[in-house]
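**Q** According to Swiss-Prot:
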TRANSMEM  64-86  transmembrane segment
TRANSMEM  91-111  transmembrane segment
TRANSMEM  136-156  transmembrane segment
TRANSMEM  161-181  transmembrane segment
TRANSMEM  197-217  transmembrane segment
TRANSMEM  227-247  transmembrane segment
TRANSMEM  277-297  transmembrane segment
TRANSMEM  302-322  transmembrane segment
TRANSMEM  349-369  transmembrane segment
TRANSMEM  393-413  transmembrane segment
TRANSMEM  419-439  transmembrane segment
TRANSMEM  447-467  transmembrane segment
């Protein structure tokens, strides 16, 4: 189309050198040949990473706490209310969360690289295109909410829990559409290093959420319906606040208004979004499978209770890893877009070192206090003993799971989602799960065997990702990023999608 050609020429006629970005390097770092040079560049990069990772970690914790706070208040209503909210939050909303966050992660690649190259006008089109795709996905996923009761009954939940969860899930349908707008919007802002404003919005949302939930439960006595109203409202508050921030003009050229271009070249965008979703969901569901398999052991109640405590701790520590994942994804995509391959590679190295140190510190603390911390979660002596026995593998898991998301963040920043999805399938589901079941059931190692086997799958996946990154030609990746940016309107290159 002539209109396409004109816009393409306009984009490509922009200044050849991208403008200096607030937290992107003005030029590529020189080769590092001395210890002093390494320390100097390390200190510079650490500041850039933590400028992004700090607010991202805080934001992850506050948004994670919305559901956690709702569960706490549900426990004051009734046992069945707590069960309903917990199952909806972990199974129904958890499944949708993985799909939506994964599909929204496509913007980390496209917006991050376009921003790094200074092609700001493309970001708004990418954002709108993702809104279209994720809202269509939300319509499909809403069927999961509508039919939650029969689905849960089919997989073995009791009639009482299935019925109560089914009703609460229907109340929570607005949440899935909030996800559809929120995650692309968050990635759009994240790619521009505007994470501080998202952290502030999430903090305000959490404070209001706790106050309003207390009011509708203790004051108005609305029960689970009140919990749903407030939780939906909290997520939509985050969405509206972010949109107001964008529409106010604070993003400059990155948002120039709504455009019909959002409906062009959707299939290429869908392919990258699906690859991102598959990559993330395979990781999220893998951790859920550990508890599922533990439920079929002889002492299922004790095994599941102990493993749930460990997974709860692992979940909170994962918020740190998720924040670092977001930071390194932005840094790598920005630097590749700006044609700074050495800086992108060094940013990865700094992130891996930082994440490893944090993971080791947390793990050592758990090992030191392994005789004390389990009693904070449970009073049953049998469960406490199992948690103590699982602490060493929990410590190893924390270290591995602190590094692995950083490597995945690089994959997103570089646009390797489809390849990593295949790696996850083989490492997790072809190797990890069968090995865990072999150790847990056939060799009678129980819950520890299941977890050890599946952790081995994560270790193999981490090794494969490390091997891929070590073999990467970062100059080639920078050139590929430039090629993607030159595809006007976001038509993703075959190199990105295959």
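The chain as shown is numbered from 1 upward.
Glycine is treated like the rest: Cβ placed from N, Cα and C.
Set these features in their place in the structure for me.
**A** For the transmembrane segment (197-217), same-chain residues at least 6 beyond its ends with a Cβ under 8 Å from one of its own Cβ atoms are 55-56, 58-59, 62-63, 65-66, 69-70, 73, 76-77, 186, 189-190, 223, 226-227, 229-231, 233-235, 237-238, 241-242, 245.
Sequence-distant contacts of the transmembrane segment (227-247) (same chain, at least 6 residues past either end, Cβ-Cβ under 8 Å): 63, 66-67, 70, 73-74, 77, 81, 85, 168, 171-172, 174-175, 178-179, 181-182, 185-186, 188-189, 197-198, 201-202, 204-206, 208-209, 212-213, 216-217, 255.
Only residues 6 or more beyond the boundaries of the transmembrane segment (349-369), in the same chain, are considered here, and those with a CB under 8 A from a CB of the stretch are 42, 45-46, 49, 313, 317, 320-321, 324, 327-328, 331, 391-392, 394-396, 398-403, 405-407, 409.
Nonlocal intrachain contacts for the transmembrane segment (419-439), taken as residues 6+ away from its ends with a CB within less than 8 angstroms of a stretch CB, comprise 275, 278-279, 282-283, 286, 289-290, 293, 408, 411, 445, 449-458, 460-461, 464-465, 468.
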**Q** Would you kindly list the residues that approach the transmembrane segment (136-156) from elsewhere in its chain, counting only those six or more residues past its ends and only Cβ-Cβ distances under 8 Å?
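**A** Distal contacts: 87-88, 91-92, 95-96, 99-100, 103, 162-163, 165-167, 169-170, 172-173, 176-177, 179-180.
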**Q** The transmembrane segment (447-467): which same-chain residues, six or more beyond its ends, come within Cβ distance under 8 Å?
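**A** Residues 286, 289-290, 293-294, 297, 303, 306-307, 386, 389-390, 393, 396-397, 400-401, 403-404, 407-408, 410-411, 420, 423-424, 427-428, 431-441.
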